[in-house]
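Here's the structure we're looking at; comments come further down.
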Amino acid sequence: MAALTHTQNVTRLYRKSLKHLLSWAIDRRLWRRQALELRDRFDANKDVDHSIALKLLQEGEAEFERRKHPDPYISPEAPEGTKWERNLPPPPHVLEMTPDEQKWYDDVIKYGKK
Amino acid sequence: MYVLVLWLPLVSAIISGLWGRKIGTRGAGRLTSTCIILCWGVSCIILYEVCLNGAATYIQLWKWFDFELLTVSFGLQIDVISSVMLIVVTSVSLLVHIYSTGYMKGDPHVPRFMAYLSLFTFLMIVLVTSDNYLQLFIGWEGVGVCSYLLINFWLTRIRANRAAMKAMLVNRMGDIGVVLAMLLMYREFGTLDFSTLSGLSGTDAPHMTAICLLLLMGAVGKSAQLGLHTWLPDAMEGPTPVSALIHAATMVTAGVYLIIRSGPLFEKSPMALTVVTIIGALTAFFAATTGVVQNDLKKVVAYSTCSQLGYMVMVCGISGYSTSLFHLMNHAFFKALLFLSAGSAIHAIGDEQDMRKMGGLLRAIPITYVSILIGSMSLMGFPYLTGFYSKDLILELIYGRYYIAFAYWLGSVSALLTAFYSMRLVYLTFMTETNARQGSWDNVRESSRAITVPLCILALGSIFVGYIGKEFVLSNVMSPIVANGVKMIPLLFSLLGGSLALFLYVVVAPRGTIWLQGLPIYPFFNSAWQFNHVVNHYVIKNVFKFGHKVTYKVIDRGLLEIVGPEGVSKICIRLSQKISNLQSGLIFHYALTMISFVVGFLYATA
């Protein structure tokens, strides 16, 4: 995989900082104020020289590691979420299905394609 | 009639498990629920006869095996302890069965689920009605297997697979203790019957402390006490009814039941009793601190269970077996209520379990809110609710033992923390402005009657069981005489904890400070004191290394191979080669051999 560009690194840091900030804040109104402050911090340094920007990125990553949430929110349907992989339909070649199971399997596949 | 209590759940498990496709989802639900209702009815009659009429019953069903040194029969011993456990198991199981018919609706494997639940109930009944340790061990292992199957119910989930295996392996650690304890008991006393052992325990056996500590090891594993507790939070991977039945009300209390049942043995070992108190107190405190910072609704309740089990074990350490049994009974009701209410809330909000994405459910699901509030207040020990009667008594009894003051203070601080996380749970889930996702929030509505009716019944239990139960479970317990100030400490701590939670979340948080972010203690508590990390890094890793390098490479593939098959075959080959070399076909070789032997023979006989 190709290495990420500087811009990609910065946007990823910003994105995950926002997510972890919401995990800390819980309340969206409280999070909103903190998120604006975070945005200001990123905007303040958006036109700096590349060598300084690299240093700032490193500092930002270090700060993120220090302040990240130990148990960030994961959506139930996302990987590692509480509903992830629940009742996955089996691959059709594995099982010989009864008509009821076939109906259920078709329903699940149909639902999954929506 | 007494035998019916054993067979009804088994019959329903067999029919639902083997002919689930024939009877269908609804049929499986109805059949298993009906069998458990009948089972509960029999349990009520047993409770009436044994507890109120004082008619303890012993039934020998058949002789299991009999050789000269040991006779083990398969029998039922139904005394006060068994009858209370029976009513707890069947009541919670009945309500969980009914609840499951609503909660699991839409799942493609409901008959299998109901069969597992019934099988678990059967094995739990085997455990609590057995009259000897060997029979108890069948139930003990059986409920472990059912726990594995139910945690892994959604078997396509890797996390569920991992959690189930973890539960199984950690429990095996404790089970080794029970097996060794049984071997020692057999060596010391020549029997495994409860009644005989309680009579013989008056004699001074040299290994009594070892027996008790090994039994405690089993209890630590099964009841998720400090050290072997790591499986319980992970076991929340199973469906919520499973968490309510197995990981709150019944199976996890089997360890406490084992200690209570082995009370006459523990009484002969003061050292073992002290260890029991220390482990219980530390577990209560540890789990309460961890529960304070959990975000998963079910994990908060799971750590709360761990903490309450700590109270039960702690009071066993000061010989308060009846009080422990009483708290076990009370806890079963309010904890089952909490789990089932949590399940109802999770169900309502689109299977979201994280409390940070809940809130505002108070008006949307009022029955669930009232249920969880009653359960939480009972757990906090709010005056005249079920939890109050046992929790306060435990702390008062502990206070009476001045030499273990630390246990009292750990218990009291745990009460404060319990109140804190209970109020936090109620506030974040129901009272604060909603933080739910739009898609989840749009479909929020109160659950079906199959879910709300069990909640209402358990809510009544969480209010009245303590008041009613104390008359027959605590009839032989004298309430200790302590100063009023001391009596008030747990209550004041609970009020303080609840108020502190509300103050932090209602007053401090909205002022724009993310006050938790700077606290270094938060990740420590959130990760359960880094216990998993420490155990994995320092214990499991070294055990794996030892297993690979020593057990596997040096012993299995080295020593045993050299001494065993490989060595024997090599020696045989070498020997046969040498012997075959003797047959050279040259006459003077044979003559030389013959002469040598003759000379040797003459020399030896001369």
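In case you wondered, yes, glycine gets a Cβ from its N, Cα and C as well.
Heads up, TrEMBL stuff is auto-annotated, nobody curated it.
What TrEMBL records for B:6-23 (among others) is transmembrane segment.
Annotation comment: TrEMBL describes B:64-114 as domain 'NADH-Ubiquinone oxidoreductase (complex I) chain 5 N-terminal'. DSSP labels the residues of the domain 'NADH-Ubiquinone oxidoreductase (complex I) chain 5 N-terminal' (B:64-114) in these numbers: 29 helix, 13 strand, 9 coil.
What TrEMBL lists as transmembrane segment is B:80-101 (among others). With a cut-off of 8 Å between Cβ atoms, the residues of this chain six or more beyond the transmembrane segment (B:80-101) that come close are 5, 9, 26, 29-30, 32-33, 36-37, 39-40, 43-44, 46-47, 50-51, 56, 110, 113-114, 117-118, 120-121, 124-125, 128-129, 239, 241, 244-245, 249-250, 253, 257, 260-261, 325, 328-329, 332-333, 336, 340, 343, 450-451, 453-455, 457-458, 461, 469, 472-473.
The transmembrane segment annotation in TrEMBL covers B:113-130 (among others). Packing against the transmembrane segment (B:113-130) from elsewhere in the chain are residues 5-6, 9-10, 12-14, 16-17, 20, 28-29, 31-32, 35-36, 39, 75-78, 81-82, 85-86, 89-90, 93, 96-97, 100, 104, 107, 136, 138-140, 142-143, 145-147, 149-150, 153, 239, 241-242, 245-246, 250-251, 254, 257: each is 6 or more residues past its ends and has a CB under 8 Å from a CB in it.
The annotation domain 'NADH:quinone oxidoreductase/Mrp antiporter transmembrane' is assigned in TrEMBL to B:130-418.
What TrEMBL lists as transmembrane segment is B:167-185 (among others).
Annotation comment: TrEMBL describes B:205-221 (among others) as transmembrane segment. Outside the transmembrane segment (B:205-221) by six or more residues, the chain places 140, 170-178, 180-181, 184-185, 187-189, 227-228, 255-256, 258-259, 262, 265-266, 268-269, 271-273, 275-276, 279, 313 with a CB less than 8 A from a CB of the stretch.
Non-local neighbours of the transmembrane segment (B:242-260) in the same chain are 81, 85, 88-89, 92-93, 96, 99, 117, 120, 124, 127-128, 136, 139-140, 143-144, 146-147, 150-151, 153, 174, 178, 215-216, 218-225, 232, 235-236, 266, 276, 298, 301-302, 305, 309, 312-313, 316, 321, 324-325, 328, 331-333, 335-336, 338-340, 343; each lies 6+ residues outside the stretch with a CB under 8 Å from one of its CB atoms. The transmembrane segment annotation in TrEMBL covers B:242-260 (among others).
If you look up TrEMBL, you'll see B:272-293 (among others) marked as transmembrane segment. Below 8 angstroms of C-beta separation, residues 208-209, 212-213, 216, 220, 224-227, 229, 259, 266, 299-300, 303-319, 398, 404, 406-407, 410-411, 413-414, 417-418, 420-421, 424, 516, 522, 525-526, 528-529 of the same chain, each at least six residues beyond the ends of the transmembrane segment (B:272-293), sit close to that stretch.
With a cut-off of 8 Å between Cβ atoms, the residues of this chain six or more beyond the transmembrane segment (B:300-320) that come close are 219, 223-226, 229, 232-233, 235-236, 243, 247-248, 252-253, 255-256, 259-260, 263, 266-267, 273-288, 290-291, 294, 327-328, 331, 335, 338-339, 342, 355, 379, 391, 394, 397-398, 400-401, 404, 407, 411, 414, 417-418, 421-422, 424-425, 477, 528. The annotation transmembrane segment is assigned in TrEMBL to B:300-320 (among others).
Look at TrEMBL and you will find B:361-382 (among others) tagged as transmembrane segment. Below 8 angstroms of C-beta separation, residues 304, 308, 330, 333-335, 337-338, 340-342, 344-345, 348-349, 388, 391-392, 415, 418-419, 422-423, 425-426, 429-431, 434, 444-447, 452, 455-456, 458-459, 462-463, 466, 490-491, 494, 497-498 of the same chain, each at least six residues beyond the ends of the transmembrane segment (B:361-382), sit close to that stretch.
Sequence-distant contacts of the transmembrane segment (B:402-427) (same chain, at least 6 residues past either end, Cβ-Cβ under 8 Å): 274, 277-278, 280-282, 284-285, 287-289, 291-292, 294, 297, 300-301, 303-304, 307, 310-311, 314, 317-318, 355, 372-373, 376-377, 379-381, 391, 394-395, 489-490, 493-498, 500-502, 505-506. Look at TrEMBL and you will find B:402-427 (among others) tagged as transmembrane segment.
The domain 'NADH dehydrogenase subunit 5 C-terminal' annotation in TrEMBL covers B:421-601.
What TrEMBL lists as transmembrane segment is B:488-508 (among others).
What TrEMBL lists as transmembrane segment is B:586-604 (among others).
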